Amino acid sequence: MIPRIRLAVATIPAMAFLSCLRSESWDPCVQVVPNISYQCMELNFYKIPDNIPTSVKILDLSFNYLSHLDSNSFSSFPELQVLDLSRCEIQTIDDDAYQGLNYLSTLILTGNPIQSLALGAFSGLPSLQKLVAVETNLASLEDFPIGHLKTLNELNVAHNHIHSFKLPEYFSNLPNLEHLDLSKNKIENIYHEHLQVLHQVPLHNLSLDLSLNPLNFIEPGAFNKIRLNGLTLRSNFNSSDVMKTCIQGLAGSKVNQLVLGEFKNERNLESFDKSVLEELCNLTLEQFRIAHFGEFPDDVSDLFNCLANASVISLLSLNLHGLEALPNDFRWQHLEVVNCKLQQFPALKFNSLKKFVFKDNKHMHTFTEINLPNLQFLDLSGNHLSFKGCCSHNEFGTTKLKHLDLSFNEIITMKSNFMGLEQLEYLDFQHSSLKQANDFSIFLSLRNLHYLDISYTNIHVVFRGIFAGLVSLQTLKMAGNSFQNNLLPDVFTDLTNLILLDLSKCQLEQVSQRAFHSLPRLQVLNMSHNRLLFLDTLPYKPLHSLRILDCSYNLIVASKEQELQHLPRSLAFLNLTKNDFSCACEHQTFLQWVKDQKQLLVGAEQMVCTQPLEMQDLPVLSFRNATCQISEAVISASVLTFLLVSVAGILVYKFYFHLLLFVGCKKYGRGESTYDAFVIYSSQDEDWVRNELVKNLEEGVPPFHLCLHYRDFIPGVAIAANIIQEGFHKSRKVIVVVSQHFIQSRWCIFEYEIAQTWQFLRSHAGIIFIVLQKLEKSLLRQQVELYRLLSRNTYLEWEDSVLGRHIFWRRLKKALLDGKPWSPEGTEDSESNQHDTTAFT
């Protein structure tokens, strides 16, 4: 008998291995937040797990097999707030299935082929706000029993089979409904009667998404006097005429945000007819968004006339030729132009515009001055623009700018210190190349600036007054730049309100003792990815508010003894990982300090020694002061012993099952086999094993006796003992069902390796390989031994055809008969006759 302790140790990895074979996983749900949030995704559950605490609030059961939800299915979880049942093969939901979930706010049923939905299926959900029923075979809103869900805020029934847009009477009982997603259904026509409930009980905050429905007709007046917060119509129309007719049907409505267009991969219209937008004159719009249309007309002077009074305009992924001809009297306050392939920067002149986003338009290279006197927010990021002179109010035609983003552009030459832009609060230059930044105090006028990002702008800081004037700055990011002589000087004198400073990847080798003396409010300092050789703590002494200091990925060897006391008392997190620590006795004080400050150090266990050689790659925490009092010979011997013991332990752990098998072979080696074969397979292939392999071998002629884990393992016995004693020791042969699932399963490959050891120990044993499906060579080569074995030895390939099946079973039975203690001739003839009859009748 195997000792109990060894069996207990063996049981844990064996259970993980068996999860690839069983229809229900042995792995427990992932505890995301203890007692609060659990993820049970894709665990092959056939029922609601009962080992989850009743206090759970977020439960993800997606991708399981919960085909039938009975009443009170979730009564054990009264605190539940979010329940995800996506793609659980649910077909039936009974009355009161969710009864008792008084706090449930989100229910997700995406991808379930629901066939039967009881009238009281959603009863007992007094707090439900979001219901997602995407791809649930829903054919009509009339049949959806949700009229009692008065708290419902969002209803998503996209990707279903809804043909009628008629909103049921019960919508009058949903006063809080704000989002209704009907996209990707089969709605073709919309009539006045379909919206009767909105005429009677207006839902002014409702946003409606009808995208990807094949709309042909909207009855004129259907939306008259209806007020919507949002309406989305994308990839709905197969021609401009149909689109124009449908927009006419929206006449008289008031929509806060109207979205027209197509999706990138769902294009129906080759070109855009500007007459379509003329129909918008009969609508009242606040915001208009148009996306992914084809060619636009060259002349846009009158294109947006019907949108002159809108406040927000968004133009996304359009083939625009220019915007210069837009009238100046439009009342637009927010204009967004993204990825519109413009050839030159638009010289806009809007008095009303307050926010202008012009980004990812990569077909131009030169910035043109604009005149936007009331502009407060300007985003010009990602355009590959070059600025010959920056920055003052003259370029942007405004003195009211508060947000300026020029990131991810080309060369920006600094020729002005933001004269006229004193109200700026946010400034971003990251990944643009700044020129002449050291010539003068370029930020001198920006006394109101709170955020500055000059990361990766190729600045080589020489001028110590570069940050002069930034008295209100709270965040400074300047990663990826450099300093003269790789020394961080005292350049932050005016930044007395700074809270976050990022100096990563600045090639720093030294830090001036007074570099941070004027930063009393600094809380976060990033010094990672530099070239610091020592942890010099003296420069950080004035940082009385510092909480996070990141010095990871440097070349730090140690810290001088007298410096350790200078770290601020407020410091809560110090990251010293990925450095070149010396674990020599000369740094004994620092190494002891590391051990004493484990609570302060982030990832202290990951700090490793790089020298001396005998300590290389060992944890810093493994350093012992006692080693400094013994001879080098003792140290070397100790390290060598430690390595040998570690290697031995690893080898024993790695080949534990092989040793267990070897011991068992001595005990069972001479006994008679109970089974003809032990079957190794992935749980993903269990249907084939049950329906094909077991049926044809155990019910055929001659009958073979297979060892199958779900049937033949002895209850109450450790899984490891079952695998070896019942599986290998009592079987004449082993059948390995090879598939892509098998190769990708670590535990299936592990059991195959055990089978090889078994074959070696029992010379008369045999392994029969069945390739269930064609395998990609790149995937197969990942398992070198298996690839070599299949290349040099014969194996069976499953072919699902009449002739292929006949040959397959004939060859497999012949292989199994080898060594069987009865006459192979008689059985082979019987087998042949039976298969001939089966295959050719």
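Heads up, the Cβ atoms here are built off N, Cα and C, so glycines get one too.
The domain 'TIR' annotation in Swiss-Prot covers 673-816. When averaged over the domain 'TIR' (673-816), pLDDT in the model lands at 79.
Look at Swiss-Prot and you will find N35 (among others) tagged as N-linked glycosylation site. According to its DSSP assignment, N35 (N-linked glycosylation site) is coil. Sequence-distant neighbours of N35 (N-linked glycosylation site) (same chain, six or more apart, CB under 8 Å from its CB) are P53, S55, V56, listed in sequence order.
The feature N-linked glycosylation site is assigned by Swiss-Prot to N205 (among others), with sequence analysis given as support. According to DSSP, N205 (N-linked glycosylation site) is assigned to coil rather than to any helix or strand.
For N238 (N-linked glycosylation site), the Cβ neighbour count at a 10 Å cut-off comes to 13, with all displayed protein chains included. The N-linked glycosylation site annotation in Swiss-Prot covers N238 (among others), and the record cites sequence analysis as its basis.
Swiss-Prot lists N282 (among others) with the feature N-linked glycosylation site, giving sequence analysis as the kind of evidence. Cβ neighbour count for N282 (N-linked glycosylation site) (all protein chains, 10 Å cutoff from its Cβ): 15.
Sequence-distant neighbours of N309 (N-linked glycosylation site) (same chain, 6+ apart, CB under 8 A from its CB) are L285, R331. Look at Swiss-Prot and you will find N309 (among others) tagged as N-linked glycosylation site, backed by sequence analysis.
Swiss-Prot lists N526 (among others) with the feature N-linked glycosylation site. Counting only same-chain residues at least 6 apart in sequence, those with a Cβ under 8 Å from the Cβ of N526 (N-linked glycosylation site) are A479, L501, D502, L503, S504, D550.
DSSP classifies N575 (N-linked glycosylation site) as strand under the three-state reduction. Marked as N-linked glycosylation site by Swiss-Prot: N575 (among others).
In the three-state DSSP scheme, N625 (N-linked glycosylation site) is classed as helix. Under the heading N-linked glycosylation site, Swiss-Prot lists N625 (among others), citing sequence analysis as support.
Taken from Swiss-Prot, the feature repeat 'LRR 1' covers 55-76. Long-range contacts of the repeat 'LRR 1' (55-76) within the same chain, counting only residues at least 6 positions beyond its ends with a Cβ under 8 Å from a Cβ of the stretch, are 32-33, 35-48, 82-101, 103, 108.
Feature annotation from Swiss-Prot assigns repeat 'LRR 2' to 79-100. When DSSP labels each residue, the repeat 'LRR 2' (79-100) comes out as 0 helix, 5 strand, 17 coil, counted as helix, strand and coil in that order.
Among the features that Swiss-Prot reports, repeat 'LRR 4' is placed at 127-148. Listed by sequence, the residues of this chain that lie at least six past the ends of the repeat 'LRR 4' (127-148) yet keep a Cβ under 8 A from its Cβ atoms are 102-115, 117-121, 154-164, 166-170, 173-174, 176.
The annotation repeat 'LRR 5' is assigned in Swiss-Prot to 151-172.
Marked as repeat 'LRR 6' by Swiss-Prot: 176-197.
Across the repeat 'LRR 8' (374-395), DSSP classifies residues as 3 helix, 10 strand, 9 coil. Taken from Swiss-Prot, the feature repeat 'LRR 8' covers 374-395.
Per Swiss-Prot, the feature repeat 'LRR 9' maps to 400-422.
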N205, N575, N625 as glycosylation sites, winner by CB count within 10 A: N575
Between N238 (N-linked glycosylation site) and N282 (N-linked glycosylation site): CA-CA distance (Å): 23
Long-range neighbours of the repeat 'LRR 11' (448-469), counting only residues six or more past its ends (CB under 8 A): 407, 417, 422-434, 437-442, 475-484, 489-495, 502
Whole-number Å value for how far N575 (N-linked glycosylation site) lies from N625 (N-linked glycosylation site) (Cα to Cα): 23
Tertiary contacts of the repeat 'LRR 15' (545-568), as residues 6+ beyond its ends and Cβ separation under 8 Å: 504, 520-538, 574-582, 587, 589-591, 593
Collapsed DSSP category at N282 (N-linked glycosylation site): helix
Beyond the flanks of the repeat 'LRR 14' (521-542) by 6 or more, those residues with Cβ under 8 Å of it: 479, 486, 496-515, 548-560, 563-568, 575-576, 590
Assigned conformation of N238 (N-linked glycosylation site) - DSSP reduced to three states: coil
Rounded distance in angstrom between the Cα atoms of N575 (N-linked glycosylation site) and N205 (N-linked glycosylation site): 48
